[in-house]
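What TrEMBL records for this protein:
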COMPBIAS  A:10-25  compositional bias 'Basic residues'
DOMAIN    A:90-304  domain 'ABC transmembrane type-1'
REGION    A:1-25  region 'Disordered'
TRANSMEM  A:34-53  transmembrane segment
TRANSMEM  A:94-115  transmembrane segment
TRANSMEM  A:127-147  transmembrane segment
TRANSMEM  A:173-200  transmembrane segment
TRANSMEM  A:221-245  transmembrane segment
TRANSMEM  A:283-305  transmembrane segment
């Protein structure tokens, strides 16, 4: 009985190890978690916190690659306001989000619905759709450059059918659209997998009930599938928005290091790279642009999450 | 939880304060310019994309040096061509710049300004007479006194053209253009006859092109750019005519030297600048083109062709100044430049080397013909790229030129804007 009373009144204390004093265990408690967390904290500190703090501080200096900076207050941000290339970069990054995100929210869902069906050979298609995700972006970019070149396969086909050559890689807007197409093509497989996981959780009975009530395929998609995977769609929208706003590789590979004709396809991250690197790089100014990218990215995430909450309410 | 708060505060403080340390004085000053002591110690030597083809040559060079100067040890490292400037800037910022570094004049300028390149007028003045005067001056920086790298190899190249395309356009394949007027007129004819399918040029004009056209690039003091003068506007106006007629490739606005080279290989473009190294490439990758390749001199209005200069910089913070200076001189002296030139199509920057029969005597092959012509033109060639012309300035010029070609602004406005942007960047460089 006594044992039972003790265990009821002091259930949280663990059984004492024979021969080990209790106070020793207590003394180790405050530091032990830090020791366990230390490797992770060190990595986070060295590769996330330190660079982030460094970027914030540099944004308020005129630091160059080889020349230490002086504090210049908001001068870098004032310069941004009058820098045409910054506005070009902001416009292109924003357009990229507008062009890529809707496609990456809707198309992978349709693709997931397609490959969800258990028909013979579907595993091949699932793998095929995922292949661009694991392929190197440099290889993918070069292949698309070859395809879309003036003498490439696409233009040869267009010429054969009488359309004539299209300047996919020489026109400012077509270049941006081509890069967006590559981003969407490359992201389809990744988001498809996320949707497949979400679709697996949609009860089959809901579809059956809707079908019994006379709903067609489109109606079932809109009234059963979409509401069921809505939170996944929000997640995809958030992930795609952030990665689209920070786009670099696709545009860099297709438009060239200069960012297309007259730099008109430059994105903000390309501008950071171009401004802040090299022996004469303006690290302070590039940090100020990075800070703007960070703030816009956070705002984008908040907007998507807020839209989700509004839908919920 | 007092400990966790303290630890968090310490971590936050460290994260915020550590970057401030980077805003410090920029180093400890390092080595001296006195190269008169005993040649000994461990030094590092960095080359620019040379290991793949010349491993044996450099290993032999290092071994010979170590044998000549017992007590020295040279560690040879090679970096790929792509991102070389970024690698140097990372090393320079991190204090890990090698003792002897392969540089071009535009790379050495910011390093010299940051106090990282040794002034060889102080440390190695006795060797100055061994080099061509123009080559020695190639690593002097406007606004600074001193010379900041040993001249190493020089390079220049002819203009290659596709004889078949010339013939198809009704042009005489044995009479390539020799002047800018002939070039522009031939290019317009080529575009006209091919229905805009074959362009003659694949690149928009660069600072070198303005220089070769006779445009003054900077003022005499080297403190401001001047390529927006009437001659510069004239060149850009002519390029605009070529672009409109598709005599300049429509993809020229986004072209790189590599992409232009490929266009020439595939017959999409009729002319392309190159070097003797390219002949081998044509032979392997485009045998049909090689059979019909035409070779002519670079077109210039100044009488001086463009040359590229490579140098060896000594790190001002080296701990072994005598060894680093001795090694940089050893690699770039007449004997070793000559032996390197016999392995690859480059040209020595040492006085008298270009008079060697290797650069003057014909043997009937294309390679020798190109080599002899290039060596001859190098004697009064010029490096048209100003040493202070940074990557950011190249981008600014390129963007404004592209806007002019697209008709978004006049050639005059484009060059005015480019000069304004470059002047601002020059001022920011300090």
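Each Cβ is built from the backbone N, Cα and C atoms, and glycine gets one as well.
What TrEMBL says about a protein is an automatic prediction, not a curated fact.
When the stretches A:94-115, A:221-245, A:283-305 are ranked by Cβ pairs under 8 Å to the transmembrane segment (A:173-200), first place goes to A:94-115.
For the transmembrane segment (A:94-115), the most Cβ-contacting stretch among A:34-53, A:127-147, A:221-245, A:283-305 is A:221-245 (pairs under 8 Å). Through the fold, the transmembrane segment (A:221-245) approaches residues 93-94, 96-97, 99-101, 104-105, 108-109, 113, 183, 187, 191, 194-195, 197-199, 201-202, 206-207, 210, 215, 268, 293, 296-297, 300-301, 304-305, 307-308, 311 of its own chain, all at least 6 residues removed from its boundaries and within a Cβ separation under 8 Å. Here the transmembrane segment (A:127-147) has Cβ contacts under 8 Å with residues 111, 115, 153-154, 169, 178, 182, 185-190, 192-193, 249-250, 252-254 of the same chain, all six or more residues outside its ends.
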